[in-house]
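Below is one structure; the comments refer to it alone.
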Amino acid sequence: MKKITSNKRYYVIDQGKEQNCFQWMIGITYGAIFLVSLWIRLGFPTFAIADSVFDDLLFQKLARHLLYSDWLGPYDKLTLAKGMFYPFFISISAFIGLPLKIAEHILYLGCCFFAARYASRVARSAILGIILYAFLAFNPVFWTESLARVIREGIYISLSMILIVSIVATLFPFKINSSNKWAFLKPLAIGVIGGCYWLTREEGIWLAPTILLVIIIAFITQWKKDKFIKAISGDFIKTLIVGALAFCVVVGSVRFENWRHYQIFETTEFHSYSFLNAYGALARIKQDSPKRYVVFPEDARKRAYSVSEAARELAPYLEGESGYFWKLTSHSQIPDSSEIGAGWFMWALRDSVSLAGHYKSGEDAMKFYDRLAKEVNTACDEKKIECLSARSTQAPVFKKHYIYDAIIASKALLPYFLTLNENPIHIGSGIQPSLGTDLEINEISDLVGEVSLNKNFNSHFYGWIAEKDRLPEISIASNQENYNTKIIYSDAADVKAAYPGLLAARFEGDVGCEKICDIKIRIHKGDLSYDLALKNGTLLDTPDVKVYIDHATHSELNSIKMKRVNLQLTVANNIALFYGKLMPYLFFMGMLGFLWSLIRYLRSRQATPIFVICFASLTAILTRLSLLAYLQVTSIPSLNILYASPASSFVVIFSVTGCYLLLMAFGKKYHSPSS
């Protein structure tokens, strides 16, 4: 018996070592994926449009005020135009000293790790976690030019994903009987994440169907387990209450600060009832010939001017230079630039209100919007002008044919969702140079770190030349037509001492080409000329002429940085092409696995966490797709990877977890020794 016990003990020890080794291997794999993903991201610097008033420049301005403890700064038409969390994130990354895009990517990889580890634990499969993490970490959407900008989607992708995954992880924990001592921290974290998400972009409602779905499935599961009374009085309902309270505290704090500084108790003006009422009042005025994408055409404007003093105050600007600017901006929607497009009218309206002098304070602006809404709505209600039903929204007036049009538009959107890239797939030769003046670019790079600059090929060289009779002329020869050159001469006493009887001079020069070019130094001696490769060392050594280059550097061609960037671009391009080819098939296989699990769920009402996260991801994808398709046919051009990008992580999660469910359907559960 002792011998058997001893054998068992040694077996347990060996098994423990094996488990330890396996855990180390898992950790190293996660770490390697993290580092490679971050290394690739380093090859794509920030693409700053430094004079972009509504994006880069605005976020930079707000971030600076936050850094200086000045909240969002002095009030104007843009102060509360967009959520404050992205400027807050920029200010934090700048304070820490992290480049913005690296900070964004670290946040994203952290969220990916949380999602992968949760999937790994509930499925008891380390392999699933590693595969999911790898597919998420190398999401090619982050290498597109759109995501290289100082733009909110850089963190919105992460916040959208972590919000849904954390809700699923809280309502479907991987440890059912774990201690409740710190249980309140999970819903508290969800509320904080939800608040940050809500304060980043204005269309946060698109995740509401997904959140509601997860809550309903969790409630049904709890109800089946504990009956109705326990379901509504137990930990389930407490979790929802704590999460909701935390969300309200985060959002409410920002509202309070806005009220304290600007007398506006809102997160942004686009959420304020005053603005929405004014916008809705103008949009309800009946149009003679309704035109798609046009909210407030000329005939409707004339009607508004006839009944509203507030509207007449805006006339010089809507009909003047400001209105003309926004008509030109709407060219992509309205080719003849005859009207302001729906996607830009909200900005045109705010510009006009500001030009009319009503943005001196938040209270002043809101009072004007209230007056405009009241005057127009009263005229509508009294039948002074013909109007549609009362509205308090920016949503376009619904028309039945929009449903069919949106279905057609969704087909054009699908490639962006399924390939996680531009359509056609494109990474190209990297990020184009940032736009703006040197001062503007320097200001924004001071906050966000390295930005993409002109990729001119520059050479710097210096050396000496000696000749018997007279010094020959030096010039530069290049295989490019457009290049700049400068050569400065100086005395060369040391060369004259080394070569008595020869005339000598030192020279220093710079050459700049628009791209990598072949540079030669040209020596003119009488009717003869020599084209010599620009390199270190002796270029020419004859009894009559001697040319020596002490040092020559080529800033891009031979730099370690350029070689690294070229390698990063090559790797990124290959991964993007791989995703573009694989993801549509992976998504299809994931759909098969999901449908099989859905049938099982409808029969048994037993939901596994992997099925829930798969179902939630699909719901988020379909909601985002529907939203963009509807916007495309009613309001603003939405066929682009930037607007599709918040769904990219859900596409990956759905595809990978769906494929896992498909494997389960064939009875193969690939469990590792330990997850």
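The backbone N, Cα and C atoms fix where each Cβ goes, and this holds for glycine too.
Database features, via TrEMBL:
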| type | residues | note |
| --- | --- | --- |
| TRANSMEM | 21-40 | transmembrane segment |
| TRANSMEM | 84-102 | transmembrane segment |
| TRANSMEM | 122-143 | transmembrane segment |
| TRANSMEM | 155-174 | transmembrane segment |
| TRANSMEM | 183-200 | transmembrane segment |
| TRANSMEM | 206-224 | transmembrane segment |
| TRANSMEM | 236-256 | transmembrane segment |
| TRANSMEM | 576-598 | transmembrane segment |
| TRANSMEM | 610-631 | transmembrane segment |
| TRANSMEM | 643-666 | transmembrane segment |
Residues of the parent chain within Cβ reach of the transmembrane segment (21-40), under 8 Å, 6 or more residues beyond its termini: 102, 105-106, 109, 113, 116, 126, 129-130, 133-134, 137-138, 143, 568, 571-572, 575, 672-674
Residues from the same chain, set at least six apart from the ends of the transmembrane segment (155-174), whose C-beta lies under 8 A from its own: 85-86, 89, 104, 107-108, 110-112, 114-115, 118, 121-122, 141, 186-187, 189-190, 193-194, 196-197, 200-201, 207, 210-211, 214-215, 218, 221, 236, 239, 243, 607, 609, 612-613, 616-617, 620, 645-650, 653
Close approaches to the transmembrane segment (576-598) from elsewhere in its chain (Cβ under 8 angstroms; 6 or more beyond its ends): 138-140, 143, 418-421, 425, 427, 608, 611, 614-615, 618, 651-652, 654-665
Top Cβ-contact partner of the transmembrane segment (206-224) among 84-102, 122-143, 610-631, 643-666 (pairs under 8 Å): 610-631
Tertiary contacts of the transmembrane segment (122-143), as residues 6+ beyond its ends and Cβ separation under 8 Å: 22, 26, 29-30, 33-34, 36-37, 40-41, 44, 105, 108-109, 112-113, 115-116, 157, 172, 174, 420-421, 427, 572, 575-576, 579-580, 608-610, 641, 645, 648-649, 652-653, 655-657, 660, 669-672, 674-675
Long-range environment of the transmembrane segment (84-102) - Cβ separation under 8 angstroms, sequence gap at least 6: 38, 41-42, 44-46, 59-60, 62-64, 66-67, 72, 148, 150, 152, 154-155, 196, 199-200, 254, 267, 446-450
